[in-house]
Amino acid sequence: MTSDECENAGADAAFDRIMESIGNDGPFQRRYNIIFNVIAVLFFAMCVVNVLLVLAVPEHRCRIPVTDNEILNATGSDQWKATVYPMEYNSRGEYVHSSCEMYNISYDEHTTDDYTPASNKTATVSCLYGYEYDRTFYDRTPVTEQDWVCDRELYGTNVFAFVRVSEVCGTFILGQLGDRIGRLPVYLFSIATAAIGRVLSIFSAHSYWLFASLAFIGSFSTNTSFQSPLIIAMEISKDANRAALSLWQLVGWTAGVCLAPLILWWMRDWSWFMIVTSLPCLLFYCFPRYAIESPRWLASQGRYGACLAQLRKIATINGRPFELTEQQLKALVPRPEREKTYGIASLFSGWHMSKLTGLLLFSWICNTIPTFTLFLLSLQMGGNPFLNNFWQGAVELPAYLLGQLCCDRLGRRFTNSGAFLAATLACLPVLLLIHRPGTELYVTMLAIVVKFFVCVTYFALYLQSVELYPTSLRQTGTSFGIIVSNVFGAVGPYIVYLGTSRDLRLPFVAMALIMLVGAVSAIFLPETLHQKLPETMDEGRQFGRDQRFWSIPKRPPSATTTSRTDMETELQELQKLHKPA
């Protein structure tokens, strides 16, 4: 290691020692995690998905200017439909009455006829008198209020795409601001824009572009609202708890994703649903005692006074004495000299690192597109859309648990590639069943299986992104993968639109091909289990070069003894420095 790297490592060790002295696994950490990484994430997850849920398109057909129920009862519903609606094949391959066209005849005069079906030669037109909607699951949504169906069905699809583009822009801008101005101000800004953007959208559905703009604003801070509190929690907790912190946040996310469709099912009105699932995010301004800035980040910026204030908050709640002065803190944790990097351009420095970045990007893209596509398809596949969405959310938690188990036993590479392949194979029976009547339940169950394996790939992929890049590029590399995948994720709504307007098998064909590419790209990534994380750019450029393709990860036998000896020596030196002069 160079002298700068040794100094940085010593500063990190000193800060770890300080956190240990004031408690790095005490009441403060547990309460912070419950408030901001479980409960807040639960509410914010509902805020993220609520705009997507209310844009589901219910069953619909042309409204007709006949309201005499006796006429309808006398002729029979099927006979009456034959006089009004032409027949066509829907996206499931069924021959049904059209939902977007009607025969071009005078229905007021036709009510006195013998109700014979119109001839195939009779001209058809788009709905002249508006639309009727199936109210089984929805009473009022933007789609039913503004008739975003048929020739305007792309309105909702475009909003889904705007949401993905917004997440890209927000991750790029706010992710960098988190390293520049701090995690806390970015977090507070994030929850405000999300809540305000979603609530104001209630009053803007009459203006499509205003509604789309507010959807963009409400989704701008999606990723940083999760990243900021998790990074703070990890930076004030001991190393052994960091994987558990990530898992607890996923528990909060899964709970929110599962609750949101059930709440809409119960309320049935999109305006109140948006309020109930958005405004509670603002409640997390009400915890100033626990809403802290990361003391580790403050020290890295040379803001030692503010760092001491945050450390005293933690020490007080943990019941630990803390008498360190600003000068002592500055001596123990000098502001580090960072390795010179060039941002995203450094991810492509050298052939080997460029290859790793490219393979990771392929994996991120192949994970994100099916994730978003499956979410939207759950609202269009028939049956109860709320239960479809609930089960797609509920399957995430066991998937993450299995992902953690497989990643620690089989390694990240085989887990990621194997889960992609399993998801691809699960799509194949859907292609055979989806056009058969009475198979909605089986198709829904298979879609849940696909979502299960896609979630396993997400868990493994996130670990690989963190562990493959060197320290100076770790956050940049992970954020870049999320940004690029969200750009391509905007394709998801159009894949769904292709299925609902053409053939419902097409989204599963597209997802199977995409996930097959993911399986191939993931298998060529190096294994990171039991490997020393790269610290410098040079180590990053060499990481994995000497690995054999079929090698099985093994824990180095001497790593524990060596690290323990080094730690004891380091702690002795830190204790000497910590003694007052």
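Positions of Cβ are set from backbone N, Cα and C atoms, glycine also.
Taken from TrEMBL as is:
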{"type": "DOMAIN", "residues": "118-530", "note": "domain 'Major facilitator superfamily (MFS) profile'"}
{"type": "TRANSMEM", "residues": "34-57", "note": "transmembrane segment"}
{"type": "TRANSMEM", "residues": "184-203", "note": "transmembrane segment"}
{"type": "TRANSMEM", "residues": "209-233", "note": "transmembrane segment"}
{"type": "TRANSMEM", "residues": "245-264", "note": "transmembrane segment"}
{"type": "TRANSMEM", "residues": "270-287", "note": "transmembrane segment"}
{"type": "TRANSMEM", "residues": "359-379", "note": "transmembrane segment"}
{"type": "TRANSMEM", "residues": "418-434", "note": "transmembrane segment"}
{"type": "TRANSMEM", "residues": "441-460", "note": "transmembrane segment"}
{"type": "TRANSMEM", "residues": "480-499", "note": "transmembrane segment"}
{"type": "TRANSMEM", "residues": "506-525", "note": "transmembrane segment"}
Point to revise | Distant-in-sequence neighbours of the transmembrane segment (34-57), which means Cβ under 8 A and at least six residues beyond its ends | key: 138, 141-143, 148-149, 153, 156, 159-160, 163, 191, 194-195, 198, 201, 215, 218-219, 222, 225-226, 229-230, 232-233, 245, 248-249, 251-257, 259-261, 263-264, 270, 273-274, 277-278, 280-281, 283-284, 287, 290-291, 375-376, 379-380, 385, 389, 500
Review point. Any chance the transmembrane segment (441-460) and the transmembrane segment (209-233) have 3 or more Cβ pairs under 8 A, given the pairs are 6 or more apart in sequence?
Key: no
Revision key, fill the gap. Given the transmembrane segment (359-379), its same-chain partners at Cβ distance under 8 Å and 6+ residues beyond its ends are 49, 52-53, 56-57, 160, 164, 385, 388-389, 392, 416, 420, 423, 444, 447, 450-451, 454, 457-458, 461, 464-465, 468, 477, 480-482, 484-486, 488-489, 491-493, 495-496, 499, 507, 510-511, 514-515, 517-518, 521-522, 524-525
Review point. Counting only residues 6+ away from its ends, which parts of the chain sit with a Cβ under 8 Å from the transmembrane segment (209-233)?
Key: 29, 32-33, 36-37, 40-41, 44, 47-48, 51, 142, 158-159, 162-163, 165-167, 169-171, 174-175, 178, 183-184, 186-187, 189-191, 193-198, 200-201, 245-246, 249, 253, 278, 292-294, 482
